[in-house]
Amino acid sequence: MAAADADPLSDSSDEEVEEVDMEALKKLEDQLAANPADYNTHVQYIAALRKSGDLQKVRSARESMNALYPLTPDMWREWTQDEARLVQGEEDVERIQQLYERAVQDYLSIPLWVEYLEFVEEHDADVASCVPEGMACFRTLCENALAAAGLHYSKGSRVWTAYRDFEDAVLPTLEDASEEDKAKQVERVKKLFWRQLRTPLADHADTLEAYEEWASETGEPKALPPDVQSELKKAVKVVDSRLPYEESVTDKPTDAALLSSYLAYISFEESAREPSRVQILYERAIADFPVTHDLWLRYGQFVETQLKAHQQAVRIYARAIRNCPWVSALWVRYLLALERSGASEETHRAVFESALSAGLQASAEDYQELFLTRAAGLRRRLAAAGANAPAGDRDTLRGVFTQAAELLKEFFPDWVDRSFRLERYWAGVELNVNGDVKAAEGVWEGVLKTRGHMVEPWAAFVEMEKGLKNFEECRKLFRRVYGRGLEGNGTEAMCLAWLQFEEEVGTLDDFDKASAKVGPRLVELRTLQQQRDAKAAAAAPQPSPRPTEPARGKPKPPGKAPAAAPPPKRKRGLGFKDAQEDGGRPKKQREEPAPPAQAGVPEESGQAGPAAGADVSMTDADAGHGDAAAGTSGAGEQPEERGQEAGGKKRPVYSDQRTAFLKNLPWEAEEKDVADFFSQFGPVKEVRLPTDKRTGRKKGVGYVEFETDEGLERAIEHNEVEFSGRKLSVEKSDPSSYPGPQQPRGRGRGPPGRGGQGRGPPRGGQGGWENPPRSVVSHRRGGHLQLVGDPTTFVPRNIKGRAGQAAARDETPKTNEQFRNLFRK
C-alpha cells in the first residue's frame, strides 16, 4: 500500500510488530466468522486494522459493523477523517459527504456536524468558489445542522458560529458585485446574529460581543432592535432557569444518576411546553444511553403524540431497533408507526420478518403482541381496500395466525393465555373478514384438541355459534362438554350455561331435554365436590381448643365429676335458655369455648353475672372478660405487633420510610431487574415482590426501598415510567393505611364491644364497669336484644302491678327463681 494510505495512528512499522498484528487480526477474523453479531469483536477488529494501515479492509470492516449496529460518534469521526485524508477528486468528495450524512443520523454529535460543515466548505468546489448553486446547497446544510444541534445549550453555538463564519467570508468576494448584493449579504450575517441571540444558549455574552465587533467593522449600528432586545432578555431568563439542570448533565459520568438527571430535565421541558428543546434533550440523552430502550420508547411516544410527526417517528424507531433489537415493544411501535406513515406492505413484511429473526428477549405475551400487531395491520389494510384487496393478502393474514400458533406452541409449550386473545381474533377474522364460518369453527376445534380441559375455549366457541344463531351447533357443543371433567368448576358452569341458553332461545321441550341431562350431572358434580371438601377438612390440622374458664363460686371437691344434667327444654319466644338453673347457653354460644376468667370484675357468691337473678346471658364484650378487660389492645388472640403471627412466628417488620409502592409490574419481573431499573433514581436498599401464598405467583405489585429520600422522590416524580413494556404506578408506600390486626367479630350483629361476640373493651372502661351494664338477651339468630330501663317490662299484666311495686321498693335485679315465685303467687 502507498505511504499515503498508512494510518498516522500506527505507532510502529517494525516487521515483528506487523507479524504480531497479523496473528491478532487472524484470531479476530475467526471470532467474527463464528459470531458475526459480536459487537466488541467488531470494535477490536477495526482498531487492529487501522494500526495495520490497510484502508480497504478497514473500510470493509466498518461497513460490515454498520450493517448490524450504529457506530458511535467517535467511530464515525475516525472513519470520516481517514477518508478525508485521501481526497483526490470530486468523486471522493461526494462519497465522503454521503458518509457524513450517514454519520449524523445515528447520534447527535456537535463535533461531527462542525467537521461536516468544514469539510464541505473546504472541499466542495462550488462552495469554495461561491457558485450560487453551491452556496444554496451549503446554506440548506447549515439550516439542517441548526435544526439538529442548534438548540444544544452548551455546544450549539459552535454550529451557529460555523454558519456565520461562512456568510461573513462571502463578503470579501463581493467586491465587484453591486451594492444591492453586498447589502443583502450584510443583512444575512446580521440576521444570523439576531437569530442566535434569540436562542437560549450558554454564551450570549460572547455572541453579543462578537456582534458589536462585527457591526463596528461593517458600519452597522451596534444597538439591537427593540424586539431583538426583548427576545434576548427572555432567552437569558430561560438560560438561568435551565442552568441547574444543565449542570447536572454536563461532564458527568454515564451512570444511573446521569440518566435520572436527563429524565428530570426532559420532564421540566415538557411541562414548559417546549417541544423542540425536549427533542434535543432526548437526542442528548440517547447519545449517552443508546441501549436504554425505555428512553427510546418515551422519545417515540413524544414525537407521535406531541409533534404528530409520523415520518419522524418512523426514523426514530428505525434507529431504536438498531440499538435495542431484542426489545419487542420497539418492534411493535415501529410497525404501528409504519402503518400511520402509509408505508407499503413490502416494508411491513420486511420489518416483521426482521423482528422475528432479531433474537428477541421476550415472553410469550410479547410474541403474541407482535403477531397481533402485524395481523391488525393486515386486517385494516384489507378493510380499507374492500373488494379490491389482493387475494394474497387474505392468505398472508391467515398465515400470520398460523405462524403465531406454531411459534408459541414450539417455544412456550406450557404457556396458556386464558383469555385466548389470539384465537378469538383469529376466529373473528375468519368470520368477519374472510366470511368463512367453517374456518372459524376450525380455529376453535384446534384449540379444543389441546386445551379441551379448560372451560374458556368451550364458552367462547358457544358464544360464537350463538352470535351466528347456529343454535343446533350450540346444543352439540353443550352435549359434548357436559360429561367432561373440566378443571375447577368448569363442567358445572357449562351445565348451568346450557340451561340458561335453553331458557333464552329454546322451547320448553328443549329445556326439558337439557334438564334431563344436566340435572343428574349437577348432582353428581356437587356430590363429588362435597366428598373432596370432606377429605380436605379431614386432612387439615385441627386447631387446639382454648382452655376453659374455671367454675365460679364454691370450688368442687377434687376427684368428683359433676352429675349430668338433663337437657334443658326450649322455651317459646326469643329462644334463649335458662342459664341460671342448668347453666345452659344459646345453642350457637355453647359451641364457643368458655372465656377466661374476668379481670377487673369482683366475684360474688351466688352471682352468675353482672345482674344476679336476671334470666339473661351476658355477651363476651359486655361482660368485660379476658384480655379486653385487662387493658390489652382488644385484638383477641391477634399478635400485639405487626411483625408477629398468631402462632408466635416472627416475620419481618418493614417501616417503609423510604419505600415506593409499585403497581402493574410484569409477573415475570425479578427483584434484580427492578432494583437495576430503579437504581437510576437513587441507591436501592431492597426490593420486595409479594407472591400469592397458595400459588407462589407474583401479585404484580412491589416495594422498592431506597437508601435516601432523594431517590424515593425521584422515583415518585417518574410515575407511569415504562418498565418491560408496562407503565408502572409509582407512589409512596403508606404503612399507616395497613389496618393492623383485625378484631374478631362474633356471630352477633353488633360491633365488638357493643353486643357482638367480639373481644373489644367494655363500654365502662378497660378495668371494670364504670356504670351498671344493660341487660342483654342472646337471640337464637345470634343477635342481641338489650333490656333498658324497668326490668318488669316483660312481666305478665296480672302481676305487673305487684312486681312494679316490689321493684319500686327494692331496685335490686331479680333472680330467675324470684321471678318464678312471683308467678306462683
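Glycine residues also receive a Cβ, built from the backbone N, Cα and C atoms like all the rest.
Checking the ranges 1-20, 41-60, 61-80, 441-460 against TrEMBL, the region 'Disordered' annotation falls on 1-20. Helix, strand and coil counts from DSSP across the compositional bias 'Basic and acidic residues' (711-734) read 7 helix, 8 strand, 9 coil. The DSSP breakdown of the domain 'RRM' (658-735), given as helix, strand and coil counts, is 18 helix, 26 strand, 34 coil. Confidence over the domain 'RRM' (658-735), given as mean pLDDT on the 0 to 100 scale, stands at 87.
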